[in-house]
């Protein structure tokens, strides 16, 4: 066998769908976890500096942010391992394996393992769809804040109406209702929107939202590839089934 034929047969055994999904998952999780972790840190700093004067007003928010950051660590580790497992499963069950390594006999355990991956990936996709929707909430908050600041800048010639434009962090559940001041209005809000913390936090949440979307796309791609792999195992199992793993 020539080198070219050998390379073509080896490339034929690569599960490209699982490989693309793995790359998407790695990049999406890196964006979501990395940017999300830093965005939460910047959010705490922003609330502490401009929306709350007393530590007790945002201590609960600080604890929640810390817990979410721990969850992010766990998510990064879990998805890294799970993507590696799915990629390995893709290599094992790709239809080109039969032509590459000769006669292939699927096993009962192999088919059960593939069906388990389908179920787990489907559940993860549903859960991550919720995460994707929730990750849009901070983007919505900062978008409203940025839009209000642009309105204030446009109304600088009529300052009597500027102080009526406010962003109240208490309305979004970030602070308790007795927090002081709890909101920023008028030129104070406009100055907040011009700070480095605001622009950095806004951009980080947008990147985290994009990362969540990429991860969701990766999970959907995994669902398609694992379902196809399961169908291949069932097809090969009709030719020869071994009851052992």
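Every residue gets a Cβ built from N, Cα and C, even glycine.
Because TrEMBL annotations are produced automatically, they should be read as predictions rather than curated entries.
Feature annotation from TrEMBL assigns transmembrane segment to 16-40, 70-92, 113-137, 204-224.
The stretch in closest packing with the transmembrane segment (204-224), judged by the count of Cβ pairs under 8 Å and taken from 16-40, 70-92, 113-137, is 16-40. Counting same-chain residues at least six beyond the ends of the transmembrane segment (113-137), those with a Cβ under 8 angstroms from any Cβ of the stretch are 32, 36, 82, 85-86, 89, 93, 205, 208-209, 212-213, 215-216, 219-220, 222-223, 226-227, 229-230, 233.
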